[in-house]
Protein chains: 4
Amino acid sequence: MASTDLVDLRRDLHRHPEPAWREFYTTARVVDELEKRDLDARYVGREVLGGDRVGVPDDAELDAWRERARAAGARTDVLDRLDGGYTGAVAVVERGEGPTVGLRVDIDALPIEEAAGDGHHPAAAGFRSENAGYMHACGHDAHTAIGIGVLDAVLDSDFAGTLKVFFQPGEERIVGGEPMANSGHLDDVDYLFAVHVGLDHPSGEVVAGIDGFLAVSQFEAEFRGASAHAGARPETGDNAMQAAAAAIGNLYGIPGHSEGATRINVGVIEGGTATNIVPERVAIEGEVRGETTALMEYMNDEARRILDSAAGMHGCEVAVGTLGHAPSARSDPELRGVVADVADGTDGVTSLLESDRLGGSEDATFLMRHVQERGGKAAYVGVGTDHPGGHHTPTFDVDEDTIGLGIDVLAGAIAETAARRP
Amino acid sequence: MASTDLVDLRRDLHRHPEPAWREFYTTARVVDELEKRDLDARYVGREVLGGDRVGVPDDAELDAWRERARAAGARTDVLDRLDGGYTGAVAVVERGEGPTVGLRVDIDALPIEEAAGDGHHPAAAGFRSENAGYMHACGHDAHTAIGIGVLDAVLDSDFAGTLKVFFQPGEERIVGGEPMANSGHLDDVDYLFAVHVGLDHPSGEVVAGIDGFLAVSQFEAEFRGASAHAGARPETGDNAMQAAAAAIGNLYGIPGHSEGATRINVGVIEGGTATNIVPERVAIEGEVRGETTALMEYMNDEARRILDSAAGMHGCEVAVGTLGHAPSARSDPELRGVVADVADGTDGVTSLLESDRLGGSEDATFLMRHVQERGGKAAYVGVGTDHPGGHHTPTFDVDEDTIGLGIDVLAGAIAETAARRP
Amino acid sequence: MASTDLVDLRRDLHRHPEPAWREFYTTARVVDELEKRDLDARYVGREVLGGDRVGVPDDAELDAWRERARAAGARTDVLDRLDGGYTGAVAVVERGEGPTVGLRVDIDALPIEEAAGDGHHPAAAGFRSENAGYMHACGHDAHTAIGIGVLDAVLDSDFAGTLKVFFQPGEERIVGGEPMANSGHLDDVDYLFAVHVGLDHPSGEVVAGIDGFLAVSQFEAEFRGASAHAGARPETGDNAMQAAAAAIGNLYGIPGHSEGATRINVGVIEGGTATNIVPERVAIEGEVRGETTALMEYMNDEARRILDSAAGMHGCEVAVGTLGHAPSARSDPELRGVVADVADGTDGVTSLLESDRLGGSEDATFLMRHVQERGGKAAYVGVGTDHPGGHHTPTFDVDEDTIGLGIDVLAGAIAETAARRP
Amino acid sequence: MASTDLVDLRRDLHRHPEPAWREFYTTARVVDELEKRDLDARYVGREVLGGDRVGVPDDAELDAWRERARAAGARTDVLDRLDGGYTGAVAVVERGEGPTVGLRVDIDALPIEEAAGDGHHPAAAGFRSENAGYMHACGHDAHTAIGIGVLDAVLDSDFAGTLKVFFQPGEERIVGGEPMANSGHLDDVDYLFAVHVGLDHPSGEVVAGIDGFLAVSQFEAEFRGASAHAGARPETGDNAMQAAAAAIGNLYGIPGHSEGATRINVGVIEGGTATNIVPERVAIEGEVRGETTALMEYMNDEARRILDSAAGMHGCEVAVGTLGHAPSARSDPELRGVVADVADGTDGVTSLLESDRLGGSEDATFLMRHVQERGGKAAYVGVGTDHPGGHHTPTFDVDEDTIGLGIDVLAGAIAETAARRP
């Protein structure tokens, strides 16, 4: 079972859910916790993100969230270091000779309005989201708490080697993984673990190494035509609404692929100004996925052609941009074996799966691939938790006992990895 | 030429453009002007609007606009009378025996960002819109000034009868005409004039009676399905985005009608929450039009069926509501004749058209029909004005000399109508 | 009332309906009739068609229809002159000094299966179509009989001038008018009449000059992609079916035009080979129309862009060709006046309309424009007939008394035109 | 290597390709061969098909193919037994005590025009298809020859048990498997083999047991609305073309399923009569597939709803029928093991795969399931062949040495099965 402190931390984070690049309160809260501990190094903001970022909101949006974090009690000195929406942190523990082991946890939340009824535990227990329209509906609050807890466990052990815990922003938008992978902090990592709670596994069940990550690429497309008075001069318009509708209808019609699963979704749309004006602008956001990165690229190529053609069909232009993206990746069997062995001997683990397929996407894959490409190994560990509502729904919640179990399994696996060097 | 005061009034209104049911500053400013004059009656707010209203924003939105009006100097006592977004006013002049003649002017503005360059006169002359994203891009500021100017002209004349000037809100959204027609103030009107500047007619040109109003009905449709994780469980979603796209594509495909012009437009769309979530909600707003009310109804019936089918096609439901609407109407030839005779003898009128077709819609038609159904007559008068940009574009502006010319023609027509009783 | 011979002729033609460029029996039958009369000239086949033709079937199809005509009793010597599907004829009567007056009648039939029930007069009276799937469902059988009858009437009168009767093929496909207009035989025509029965006008009603012909252009579009096994390798196909569906959906969505009526239709589709093969070829045929030729061209331009874009959207190519087409045209008021005067004094005419709008298309407009561009005048005369079913439906039929009335009006108008030279 | 006779047989069949329920020549030719051999029973026509059949052509079509078969030399007495398109045959060899072993080969051909160039061996060697537009482009000619060859091999061996060879019609349309499964002849089969050549495996390679059959269901949908003159009265039509286009566009948009591969295709379309008539009828044929029968049913349910909604959207009705269909199935590991063992010791086998995934559909699955549901076992054996063009393409051909190799492997497996009773 997790300490009361970690449950409190999780609930505090749960009350302050923040989306990608706006994890101001969350990062400040993490830094608070790190400073309480005897770490060898702490990095935050620009220090933990390399290369370009996508999906960064405009300054007004960033300022609003930062002010909200300040009002909620976040430390001003930390907030200053997150200027520009450079959120996230890395904690380092160096304990003599040994391999460098990483643990990645994600810290961001979702644009979902949390359930308010008494049947929803966070509401009944008084830690429902205070940020209207946003919610920790995927358990990243628990992940963050596990990250802190693992630091404690390792600090309290005879671990030999270096531990780095990556508090990654922007997983839900698939925008944080690549910059963090490119930060340099992963370059010397020999073994990397990532962790996710739930995923339809009940409390007590552990998945040693998850596979089946779909490669994903998110896009935004802005159709631009020419407005016109819809009653008096309809023929002079170039209708961005028709272009968008043609695009959507046909995007979903990209044929499946014989080599594996593919997906497409248009998740957001917005455009037009008035009923009597032929719309000159409609913007959509969507994503393509594939069981492999190649399959995702196939979908992407098809989608681009359809977007272009739909625009041209209605005399419009379309500007297409890439938002978040992530490759596929695999858990290494050796590291998976370590986790399985540790989990097998951990109190509270009642069911153990060697492997499972995610079926979704994750930008932990950027970090996993970064390590694997340099000769290291990676495993994505699932820690089951009873969750009343599904992931990404308003009634999602976690069994808080999972936090302690996750810490035990991961700290155990980190120790064993260092000892065994699989 | 209009007096300096009326030009100042027009410019003041131009600086404070307000959309439907939010004409707080505008109404307060009109009431200011009415109180300066020796009128027999003034009505405002709930007194000038009968029956139900559609398209009323929520309280937060109304409050924000009312506060803005107050901050811009609107009188608090008047604002209080406009509570709930009951905007608009009616002025009455009673001058002995004679017919009751009405003049309707509309006072609302459009959600268009006004041009800022020096080439745009209001910007160069310092009276560009101060309400970001809104603009008097259709000349209703000039209409309002004409309404006040006609009151002055009639007060200063030997007019015998009753004059009512209707300052109508919400024309652009086609929501103000019906409530004002149902206010009771129109019930005893024998002759009604409405006025519009511009419409691609140059300064100096007058159209005695405009026809060709398309009947219009605006709709909103909210598609509701079921969200799902787009990567992990796409099959469990009922995709409101696909439903909306199918609807849009097919709505534009409603066949033309052999009996006259029809129109359809989907002008606004919004929906979905994230790229990786199958959208459970997409809302659209649109409109149908017809050369006659029957043709508009044909389009409406077709549109409803398509909306329903598109929803069902993707396992969704759709809630369809009616927003603004307006019937078609015709200017009466007799009243048109009066205008033509007067305009023919008015200084500054350099070109005279008996009639013209609008090709768009107008909810003045509610007032016209209300009068006509009770045995009265109506004419919709066009007063040309050189306008650099088209109506409903960011560079629209009026030739301010038009205000005076409009007053001369309309006050003359009102006097002649009372004298002649056509 | 028409002579028994002409009713017999009409019924014989009704039994042998033939579509565009396949009017073998019909032309041969007309030539039979012409040879019985004391004409000054007769032209047939290539002699009456100039320039290129579109919509000509392949040789196998032509041969099959020619054989059918031969089997039905058509003269072999005439059939030989129609080789290649060059159908149609022109008859000339020269009677001294005077203007050259033309009468155009169309002779082709439609691909409609005729009603067989006793309620359908041709079926009950034994002259139902013998060509399965084809039918004179637009009255061209009556038009042809009127053409012969007018020849008789003029031959039997003191007409001074030249009369040319044009028996035009391929009106229903809008393919015969242009070649006949370019044949040279129209070059010296001073006055041209065309005639149509029915058009929702009852027996006894005459329309002196019909207007409102929509300009039309028919197109064929063949989408070509790449086939693939739909189960095993769907991603390798370029799906012509999806391209065609996208095209159709969006073609119908071309916005109406503020300057007048427009139309679009995709009337025929065919493609694909098996359920399990991604279709590599789908072909459509359709048409665009406009109240003016310019409006038709607007529709055509929009349609071409949509066809191209829809093909490209699905990795296909599209070959677009023009089939039949026809411009708009107007009846000249002077010539209309002559018809009205004559009809007004004709026995059996119980109702007279100066004008009416067709709302459809006609390639008589090619002949009318050809004459008008050379300084001549043209009128398209409507002769009402009670028709139980609508035009182009399986139960269409004509009141045979209309034939005689049509002859009286047209022969009268021809005589009066020559006498009066309007 | 196959005997010259069997190569001659394969080439004779190749010259006379026949599609589903029209395998008149093929069946007659098979019966010829069966009668030459010392069999214990032969069944043909109605004797080998139980229950209802789908996809049967009309009598005119059947008669035409039967006449063609007769003209090509098929025996009239056999053709008489195939009346109504009841094609196919079953051969039985009884050799004492032992299990009943079945071999299923399919005999039909595809609607593909065979390549004619010298680079295509059948063309160069003089046995190109003589049935224009049809072709053995999937190797069923070789399968049929293998079926005969296996009979010879078993007759010539000390096999103990019963062998049944099923010459199944209509595999390409997925219409022959179910009736043959329901014929009764499968009820006592203990072990069933099916065979397919090629499938991208080269000559010399054998796949012991193929899996991954997609369940499939083919549908036909006829949209019926109301025709109208597209120019004069477009609003009176209910446009079946728009309905079909809306259906197609949205059918392809059915989302993929998280539990496995799904497919959809609209393979054939036909409808409408003329460019100027709003189409009242458009018919499509298509198919849905799924990695499991449940997934196929998911697709089918979605498709039905879309078809219904698309019809209703445009005021049409749609009649949906099921054409061919087939479930998924799996090769039994035990029987696969027998094949692997035999192939491993067969001359000419240069490569052996235990298993492979088909990725397409096959109605051998009906026979396999029929046997498996009764406690028997089944394996679908792949025999590689170098094929210059892909399956279902105009340049497909087989390496004729494959026939002999296939006979060796299958006859060996049959013998071994009987001996071993796995």
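Even glycines carry a Cβ here, placed using N, Cα and C.
Small disclaimer: the values here were computed from a predicted structure and weren't measured.
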Quiz item: Of the candidates B:His120, B:His196, B:His370, which does TrEMBL annotate as part of the Mn(2+) site that also includes B:Cys138, B:His140, B:Glu172, B:His392?
Solution: B:His196
Practice problem: Would you mind listing, in sequence order, the residues at least six apart from B:His196 (Mn(2+) binding site) in the same chain with a Cβ closer than 8 Å to its Cβ? | Solution: B:Gly139, B:His143, B:Ile210, B:Glu362, B:Tyr380, B:Val381, B:Gly382, B:Val383
Quiz item: What count of other C-beta atoms do you get within 10 angstroms of the C-beta of B:His140 (Mn(2+) binding site), across all chains shown?
Solution: 29
Practice problem: Mind giving me a neighbour count for B:Glu172 (Mn(2+) binding site)? Other Cβ atoms within 10 Å of its Cβ, every protein chain shown. | Solution: 24
Quiz item: Any idea what DSSP makes of B:His140 (Mn(2+) binding site), helix, strand or coil?
Solution: helix
Quiz item: With 8 Å as the upper Cβ-Cβ limit, not reached, which of the binding-site residues B:Cys138, B:His140, B:His196, B:His392 neighbour chain A?
Solution: B:His392
Quiz item: Going by DSSP, is B:His392 (Mn(2+) binding site) part of a helix, a strand, or coil?
Solution: coil
Exercise. Could you check the binding-site residues B:Cys138, B:His392 and say which one's CB has the most other CB atoms within 10 Å?
Key: B:Cys138
Quiz prompt | Confidence summary for the domain 'Peptidase M20 dimerisation' (B:219-310), mean pLDDT rounded | solution = 96
Quiz item: Hey, for the Mn(2+) site built from B:Cys138, B:His140, B:Glu172, B:His196, B:His392, who else sits with CB inside 8 A of the CB center?
Solution: B:Asp106, B:Asp108, B:Ala109, B:Leu110, B:His136, B:Ala137, B:Gly139, B:Glu171, B:His391
